[in-house]
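Shown next, in structure tokens, is the structure this report addresses.
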Amino acid sequence: MKVLALPVAVAAMLLVLAQNTQSVYIQYEGFQVKLDSVKKLDELLEQPRSFRHRMGTQRDPSVLCSDPALPSDLQPVCENSQAANIFRALRSISQEDCELCINVACTGC
């Protein structure tokens, strides 16, 4: 019985690890970014007031785009003339569980 329990325990551990390594992606306006990257974007935008003041109330994303902490999958957004609007939309989408289809109760997923 103990011989069978070890492979089952290992398989269960691998399944848990595999689930934790899968990322949730957000697709918007031709961009595909990780949910974790959008959460990092939120963190960058919630830095002290002096940073937000330099951001020009988020209308000019050049300060954000020059930040080395900006995740690499968000950097292509910086090349778009609508970068500020795209960043705003990504942040909005990331806060809606049904938009992400991660909530089983949501319809249309």
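Cβ atoms here come from the backbone N, Cα and C positions, even for glycine.
Source: prediction; values computed, not measured.
According to Swiss-Prot, the protein has these features:
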DISULFID  Cys65-Cys78  disulfide bond
DISULFID  Cys98-Cys106  disulfide bond
DISULFID  Cys101-Cys109  disulfide bond
SIGNAL    1-23  signal peptide
Practice prompt. Restricting to the same chain and to sequence separations of six or more, state which residues have a Cβ under 8 Å from that of Cys65 (disulfide bond).
Written response: Gln75, Cys78, Ala83
Worksheet item: For Cys78 (disulfide bond), what is the secondary structure by DSSP, using just helix, strand and coil?
Response: helix
